[in-house]
Amino acid sequence: METETETPNGSTPCPTSAPSAIPLRPSSCDGTMGRHLARRLVEIGVRDVFSVPGDFNLTLLDHLIAEPELNLVGCCNELNAGYAADGYGRAKGVGACVVTFTVGGLSILNAIAGAYSENLPVICIVGGPNSNDYGTNRILHHTIGLPDFSQELQCFQTITCFQAVVNNLDDAHELIDTAISTALKESKPVYISIGCNLPAIPHPTFARDPVPFFLAPRVSNQAGLEAAVEEAAAFLNKAVKPVIVGGPKLRVAKAQKAFMEFAEASGYPIAVMPSGKGLVPENHPHFIGTYWGAVSTSYCGEIVESADAYVFVGPIFNDYSSVGYSLLIKKEKSLIVQPNRVTIGNGLSLGWVFMADFLTALAKKVKTNTTAVENYRRIYVPPGIPLKREKDEPLRVNVLFKHIQALISGDTAVIAETGDSWFNCQKLRLPENCGYEFQMQYGSIGWSVGATLGYAQAATDKRVIACIGDGSFQVTAQDISTMIRCGQRSIIFLINNGGYTIEVEIHDGPYNVIKNWDYTGFVSAIHNGQGKCWTAKVRTEEDLTEAIATATGAEKDSLCFIEVFAHKDDTSKELLEWGSRVAAANSRPPNPQ
């Protein structure tokens, strides 16, 4: 249940990269819905709002600009604005974007659907029609030409957890606050449509600053918690070589600390599912790598699948994470811990038992068992180094990632684009405090450009290292412009191998071949001498070494775009295996009727 208190949430403003060119007008905004929304965003920790202007949202944008603690980041298109809010939310805990009605709202849908799939609270605000136009049988621009213009709302109903259509100032305060608090409680996107004639009108409900939210923590059913802990402890304590595997829902459950408490107490080997990478410290002595079935990191898959009990914490088992439904795990050996439910083998399944409560309590009951860790250490062989290259040999992708491994630190974050970068980045061993993000569940190519923009805008203390394929880059390339305008200093490795490599390995065809671009020329044209941007073409290891030295030295304060030329067939062995298995799953014939 939501209550309100005067206690501030403790958030601090992030420095803004580019001050607004429009003068502040706070005196004209007192007691208005526009000011309330701006203050509410600041109060929940948002310091940057990603936007694309349109005639229905311009007055609202004036009020957001007038808030001194908010920075409006104008994006090149709505899709990237949504992806940027997604990336910002990953680093900051919540993101926000503003677009215009229907033409903007339908353009941002794909990004909001991705945020929904990844359990990210994104506040999607749309400047809507004049409140007087609803129900008048009029036809408006930016609609599909019908007097009923509810199509945008209908689309958002399936990919947001709450929808607020604000057409009346009397209930605007309640609708806005309910939407934002619901996003935070459910960790899902919400949709807020605001009539274009309403943001600047004073109303008594907005006469004072918003009272900060207090989101009461959810408390487990005590009887269910005790039963789940007792049953789980008995299940695990009789096992000979149990393991623990962290999944992506650790984030939404806010249970990373409890996960490590249990891992420390149990002594089990610690693995992560691919979409859980970055949520578990990889410098822990019991960390054994990524469990991804047939494409797991070396020896991790063998240890997990040979265990007689495995604790999956916050997993998502889909066709991608299960490598075409080919995981060699058995339900009767599994303890599945979801954010609000615990399921033990083929037996007990208890709801309203929350992940952090359960793991903390189980840590006190479980016996330490390091058998599987010792087995791992006996069979583990350190990964080899890439084969010695010939002089002036074209750069191999495994050599590129050897250098990226040396580049990352606790002061960096890795953004991995959908494609072969998924597999190469999974093999990176993340130093302590190194961020890591990718979009495993939704898998929308091009996501990483906007996500890099948003993450870098939120995490100003880290330098983002983005790994993007050429096909994905062509989908969303324009917002390199916004990165330069905001003074960001990310390092982008553009892997130019002439096509959609991940699609080639699933099902090849002429549709996977793309027009090659002069990518550094493209970025230089966008740069146009304004802001700090540096580009390089890399064809050999010598080129790469020199480029990284420049990016971390003379150009350390610039956006660095490094185009890496790779052979079209130079893919990770994991992608080859994964692609064949996913292809087999996709091509299953219909079941007999």
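Cβ coordinates come from backbone N, Cα and C, glycine included.
According to Swiss-Prot, the feature compositional bias 'Polar residues' maps to 1-19. What Swiss-Prot records for 1-20 is region 'Disordered'. As annotated by Swiss-Prot, substrate binding site applies to ASP55, HIS142, GLU503, with the evidence given as similarity to another entry. According to Swiss-Prot, the region 'Thiamine pyrophosphate binding' annotation covers 420-502. Sequence annotations record features per position, and here Swiss-Prot assigns Mg(2+) binding site to ASP470, ASN497, GLY499 based on similarity to another entry.
Within the model, the region 'Thiamine pyrophosphate binding' (420-502) carries an average pLDDT of 94. Mapped onto three states, the DSSP output places HIS142 (substrate binding site) in coil. Within 10 Å of the C-beta atom of HIS142 (substrate binding site) sit 19 other C-beta atoms, taking all shown protein chains into account. According to its DSSP assignment, ASP55 (substrate binding site) is coil. DSSP states for the region 'Thiamine pyrophosphate binding' (420-502), grouped as helix (H, G, I), strand (E, B) and coil, give 37 helix, 18 strand, 28 coil. Set side by side, the binding-site residues ASP55, ASP470 differ in how many other CB atoms lie within 10 angstroms of their CB, and the most is found at ASP470. Sequence-distant neighbours of ASN497 (Mg(2+) binding site) (same chain, 6+ residues apart, CB-CB distance under 8 A): GLY469, ASP470, PHE565, ALA566, HIS567, LYS568, ASP570.
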